[in-house]
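Contents: one structure, followed by commentary.
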Amino acid sequence: MAIQWFPGHMAKARREVSEKLKLVDIIFELLDARIPVSSANPMLDEIIQQKPRIKLLNKADMADPIMTSRWLDKFSGENTSVLAIDAQSGKGLDKMVKLAEQILQPKWERKRAKGIKPRAIRAMIVGIPNVGKSTLINRLAGKNIAKTGNTPGVTKAQAWIKVGKSMELLDTPGILWPKFEDEEVGYKLALTGAIKDTILNLQDVAVFSLRFLEAHYTEALKARYKLDEIPEDIVALFDHIGRLRGCLRAGGEIDYDKTADIIIRDIRGQKLGPLTFDTL
Ligand code: G4P
């Protein structure tokens, strides 16, 4: 279920994350590896303030591996701790605890010096809807406990999941809103399934996708839709794909809604291979 974000929802989500924040030592900020910037919450820095954070580029299996390594380089160059993971298969998750231990080591050392026995690191996961929070929590817990849903405001007692010997994870994630005031970010969020299809016009999302593919994944676009050359005119490109895929109305006219839907499904279903939509 995707939520419509209104100012009231945002304020409530923010309050909930701030409350949970008090309980933890470190935050795992879950991002979509295909859109590592567009899937970030614009206000997270302000919400978490100085709390240590690890960025996790999830769904790395669906992202362009060359771009993922460039994003990892970029973020680590900014003195940020970052990992690429695939919560569905569990790839990369073994590094999460180790990295958290490294980051918190100075704090733990200070505690030890004061004679305080170190306890398990407490962590929480935050991220926008559909980025894979429940999948990750379930993976780490080894069982099905996190509620797969995006409803903010479902309050229940906080419970901790043991992750290895040295970490405890809040069993409910912090749900944050995506930034979709920017048109292009909105299209990317729709393409990766972070916002409901009904929020944006599907033909607009498809036009954005085709233009993006033409600029960044030309060969994949040509191969998928059997194109020798990519027509400059977007309607001609739609016509070609519509005809190729049998999206016709009675009378032989191209059904543009159906064509748009097919293009978006192809991209989401990785029919054009792994793709990354945030460029650098
Ligand atoms: P959320 O709690 O942040 O809202 O996200 P959730 O875990 O529900 O995951 C959203 C969708 O993303 C799910 O697919 C989930 O399987 C998929 N997903 C999560 N992590 C990964 C990953 O690393 N790689 C890939 N390829 N997919 C991932 P769904 O289609 O909504 O549900 P389902 O078909 O898995 O049941």
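Any Cβ shown, glycine's included, is placed from N, Cα and C.
Remember, predicted model here, so these are calculated numbers, not experimental data.
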Same-site residue for GTP (record: TrEMBL; known: N58, K59, A60, D61, N130, V131, G132, K133, S134, T135; options: G77, G115, G164, G174): G174
Densest Cβ neighbourhood among N58, N130, S134 (binding-site residues), 10 Å radius: N58
Those binding-site residues in A60, S134, G174 whose CB falls under 6 A of ligand 1, listed in sequence order: S134
Structural state of S134 (GTP binding site), classified by DSSP into three states: helix
Segment-level pLDDT (mean, integer) for the domain 'CP-type G' (14-178): 90
